[in-house]
Amino acid sequence: MLATKQSTSSCAAIIKPTAKSPPNSSHLYISFIAIFISIVISSLITLVGPFTSSTVYYGTQMIPHPSDAGVDLLIKNDNSYAIVLDGGSTGTRVHIFSFTSQIAGKTRRIFLENETFLSITPGLSSFAGNSSHAAHSLQPLLGKALATVPDHKALDTSIILKATAGLRLIPKLSADNILKSVREKLESTPYRVNANSVSILDDRDEGLYAWYTVNFLLSKLHDIKTSIVTLDLGGGSTQITFATNNTETLVRSPAGYIVKEDIEGEPEYIYTHSYLG
């Protein structure tokens, strides 16, 4: 997936809550969006090379802030935070996101205000023979999180680690031991660690998250006909994902390649497939 570094102020998407939408007022919803965004940024890192120092990125302003657009919205001034650790095949990255929300009637806008990034090498799969070292390797990333998220926000901030192709390719027992060690490490932090916070990301979901991320940033989720195709070129796998209503594509695609998603209350069909190697 081709992308460029942006340096403007914020990005946003309109979210219209429905019975099938993610919870629109919980820390889990913020984490859900944060995972989408981290997949895209990780792809960019793979294409342009690893960074070894902290870098702050700002999203693109897709919908003007109410102060710029003259929109009368109920503004929640207090930022929400989410911490996503991306366990890739070539390294582990932390993405620390801050969001604000504006609500007008039944419409909620989520604005990505800021993202702080730090990368380390090697990847978690390199510690297949010593899982405790895998957990210890995360210390610089957790230190960055502690320095970024305000102390009074820690208990309301979720921390998530999603591993991709690197851990998929090693023996299951080794991968499970690494994930167990990492979970114990994250549970020692002041952040929220839920039952599914530490896991290997399904290759299908990896493609879907990349697609959601790009279309979230471009404000395309409310009009799927204009949505963007994503090609996510990772270190150990590649995913291609796009929305389709083409009958031939729906009929001829192999089993498991078409996913039915409910987006803003409407059923949409998404083609996604992951290729290892």
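Numbering starts at 1 and runs along the chain as it is shown here.
The backbone N, Cα and C atoms fix where each Cβ goes, and this holds for glycine too.
So that you can see what the record holds, here are the features copied from TrEMBL:
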- GLU206: active site, proton acceptor (ACT_SITE)
- GLY235, GLY236, SER237, THR238, GLN239: ATP binding site (BINDING)
- 28-48: transmembrane segment (TRANSMEM)
Alpha-carbon spacing, GLY235 (ATP binding site) to the residue listed as 'active site, proton acceptor', which is rounded to whole Å: 13
Candidates SER237, THR238, GLN239: member of the binding-site residues with the richest Cβ shell (10 Å): GLN239
